[in-house]
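Lifted from TrEMBL, the feature list:
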- 84: active site, proton donor (ACT_SITE)
- 84: active site (ACT_SITE)
- 215: active site, proton acceptor (ACT_SITE)
- 14, 75, 85, 86, 156, 188, 206, 207, 216, 217: substrate binding site (BINDING)
Ligand SMILES: N[C@@H](CCC[C@H](N)C(=O)O)C(=O)O
């Protein structure tokens with residue numbers, strides 16, 4: 001067997017191993033994802049983006065056209081997630097650099113549905129993330145402290161908590177506590193610090209990963225939460241995360257996320273290493 005091609009990329013330092021698989025032949029097991037994402041025994045990443053067509057993904061939503069390029073996203077622990085806002089920008093950058101799409105407008109299939117994407121000449125990418133739906137209010141706990149938050153569905157589940165004071169002091173090495181009844185499939189928890197008009201700072205603990213340097217869907221949830229708490233239907237914010245800066249716009253119908261997408265390395269996984277990790 002030949003080695004498996006890979007590309008390494010990141011969006012605001014939320015990093016991914018991209019696996020081109022146009023014919024849908026790669027067996028992406030939990031063990032293979034975990035090994036790839038491990039920062040010592042693998043390449044190291046927060047997640048894996050398999051690049052394939054929707055037709056070859058068994059759990060692709062029915063409303064995603066079969067010929068669409070499909071982002072098969074996996075968290076570092078091997079779990080499947082519906083959507084990844086930083087990942088979809090990196091995915092689009094890969095499609096563009098590989099000559100699989102033209103610059104400008106394209107559509108990416110995801111488990112949350114089809115997502116219109118625009119690549120820009122300055123290297124940034126804008127994604128139409130769909131509606132950010134507030135579905136309740138709840139609490140996260142960190143180090144014995146409770147933080148009130150807003151539950152937001154951005155295709156995947158979030159609890160965005162506004163913090164009084166700095167987000168820098170929180171210990172996110174331990175997963176925040178949350179209500180498993182409201183979030184039966186787990187949740188991504190954001191801690192959000194307003195720092196001026198239309199400016200937020202945010203840290204995040206991601207479901208299936210741990211603390212990451214950024215979470216695109218999380219930044220959309222953060223802005224939706226701030227608007228909800230302020231009684232506003234729409235607005236735009238700059239969100240600073242440990243890994244960089246993104247711009248988010250939210251209205252009653254949809255939301256957009258704009259930020260960088262970087263590819264930094266490409267190569268081939270050793271065939272024997274891949275095989276030894278085993279198929280399904
Ligand atoms: N980092 C992502 C979100 C990835 C999925 C998340 N961990 C989940 O399980 O829902 C982003 O940029 O949105």
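Cβ from N, Cα, C; glycine included.
Features per TrEMBL, on structure.
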residue : record                       : CB count, 10 Å
14      : substrate binding site       : 30
84      : active site, proton donor    : 29
85      : substrate binding site       : 29
156     : substrate binding site       : 26
206     : substrate binding site       : 29
215     : active site, proton acceptor : 36
216     : substrate binding site       : 29
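Across the structure, residue 156 (substrate binding site) and residue 84 (active site, proton donor) place their CA atoms 8 angstrom apart.
Between the C-alpha atoms of residue 14 (substrate binding site) and residue 84 (active site, proton donor), the distance comes to 10 Å. With respect to their backbone Cα atoms, residue 85 (substrate binding site) and residue 215 (active site, proton acceptor) stand 7 Å from each other. It is 8 Å from the Cα atom of the residue listed as 'active site, proton acceptor' to that of residue 84 (active site, proton donor).
Max Cα-Cα distance over the annotated substrate binders (14, 75, 85, 86, 156, 188, 206, 207, 216, 217) is 16 Å.
If you take the Cα of residue 84 (active site, proton donor) and the Cα of residue 206 (substrate binding site), they are about 11 angstrom apart, rounded to a whole number. Taking the centroid of the Cβ atoms of 14, 75, 85, 86, 156, 188, 206, 207, 216, 217 as the substrate site, the other same-chain residues with Cβ within 8 Å of it are 81, 83, 84, 87, 204, 209, 212, 215, 218.
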